[in-house]
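Copied over from Swiss-Prot, here are the features:
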- Cys56, Cys60, Cys63: [4Fe-4S] cluster binding site (BINDING)
- Cys100, Cys131, Cys191, Arg264: [2Fe-2S] cluster binding site (BINDING)
- 41-269: domain 'Radical SAM core' (DOMAIN)
Amino acid sequence: MALGDVRNDWTLEEIKDIMNQPFNDLMFQAQTVHRQHFNPNEIQTSTLVNIKSGGCAEDCAYCSQSARNQTEVEKEQMMEVQEVIEQAMAAKEKGATRLCMGAAWRNPTKKDFPRVLEMVRVVKDLGLETCLTLGMLNDDQVKQLKEAGLDYYNHNLDTSEAFYPKIITTRSYQDRLDTIDKVQEAGINVCSGGIIGMGEQHKDRAELIRTFGTMRHHPNSVPINLLVPVEGTPLAHMKDKTDSFEFIRVIATARIVMPQTYVRLSAGRMELTDEAQALCFLAGANSIFYGDKLLTTDNPEAGHDEQLFAKLGIQMQQNAKVEAAAKKLAEQTTELTA
């Protein structure tokens, strides 16, 4: 198959070879693939809202919201629908095309789930795409989310299956894969990514990308995060910054392996210089979280992003183009599995 074709049969060795090739060759290939499937001067923007903070039962070693970690994040009640409406309107006014709503849960509670469904409906009524990250889902919850009109569901794999037990013990890797399967089976777009800088090896990064690249349907979007060490978590000691070039290699490899997927710069952008971000965009990153907060983590201010986009000649993508790209990916993956 040619460079830029959608494949689901990637081997680990192929991906390691892509990631480890000379930097200029990697960047050229990634940009070539990117231009085959996307406008290289457009960025999709999402805003992330924390609809329920703290008190999560999971033991994710990086997370400030785990009840098992000794952080300063306090458990809060779930946000009211009206507050979500206000945040959605503000995000839309600033140019975001999607509102991602996150709750610190192992899985949604029966009591709170109806309010989540209402949030999906009201945000869609405002003309924004909707995304949720709520933890694991059962079949009935997936069905209800589909009926409510949910566009995307985020469920990150975080790292490779081999390294995963060093980061999380309360939920298995297979649990995460099963939730992704349920969401895809229901026809909801999947958003799933990972975190770089948790002590993993190069092979773990390659294996994570291979896992996504060999899924029956590639995720519609893959957020790539840089670890933000939080005091009170087991990874608070990980103070050595991941080399920017290593991070850019992950972005470029994800672009080549998943040609039609949105590759999103997520948490940790505060640690990247404008020049490093520009190289990420050149490597095929075409989505960011837009707004000064990502759950409990700081993010570049919207005004700074706008200035950077202006310097680079980048435009923020409009909803219709996002929908067209999602449809194209769905059609392509259907053909592959027919």
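Glycine residues also receive a Cβ, built from the backbone N, Cα and C atoms like all the rest.
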Fill in: Nearest-integer angstrom distance between the alpha carbons (Cα) of Cys191 ([2Fe-2S] cluster binding site) and Cys63 ([4Fe-4S] cluster binding site)
19
Worksheet, complete the sentence: Given the [2Fe-2S] cluster site Cys100, Cys131, Cys191, Arg264, its other Cβ neighbours within 8 Å of the Cβ centroid, in chain order, are Ser46, Leu48, Arg98, Thr133, Tyr152, Asn154, Ser221, Pro223, Phe289
Worksheet, complete the sentence: Spacing of the two Cα atoms, Cys60 ([4Fe-4S] cluster binding site) and Cys100 ([2Fe-2S] cluster binding site), in whole angstrom, works out to 20
Practice prompt. Quick one: among the binding-site residues Cys56, Cys63, Cys131, Cys191, which has the most Cβ atoms sitting within 10 Å of its own Cβ?
Written response: Cys191
Item to complete: Sort Cys60 ([4Fe-4S] cluster binding site) into helix, strand or coil using the DSSP assignment.
Response: coil
Fill in: Alpha-carbon distance [Cys63 ([4Fe-4S] cluster binding site); Cys131 ([2Fe-2S] cluster binding site)] in Å
20
Item to complete: Within 10 Å of the Cβ of Cys60 ([4Fe-4S] cluster binding site), how many other Cβ atoms can you find? Include all protein chains, please.
Response: 22
Worksheet item: Which residue, out of the binding-site residues Cys100, Arg264, shows the minimum number of other Cβ atoms inside 10 Å of its Cβ in this structure?
Response: Arg264
Fill in: Distance [Cα-Cα, Å, rounded] between Cys56 ([4Fe-4S] cluster binding site) and Arg264 ([2Fe-2S] cluster binding site)
25
Fill in: Inter-residue Cα distance where the pair is Cys63 ([4Fe-4S] cluster binding site) and Arg264 ([2Fe-2S] cluster binding site), in Å
20
Item to complete: Determine, to the nearest whole angstrom, how far the Cα atom of Cys63 ([4Fe-4S] cluster binding site) is from the Cα atom of Cys100 ([2Fe-2S] cluster binding site).
Response: 18
Item to complete: With H, G and I counted as helix, E and B as strand and the rest as coil, say where DSSP puts Cys131 ([2Fe-2S] cluster binding site).
Response: strand
Item to complete: Going by DSSP, give the three-state secondary structure for Cys100 ([2Fe-2S] cluster binding site).
Response: strand
Discussion item. Quick check: in three-state DSSP terms, what is Cys191 ([2Fe-2S] cluster binding site)?
Written reply: strand
Discussion item. Can you give me the average pLDDT across the domain 'Radical SAM core' (41-269), rounded to a whole number?
Written reply: 89
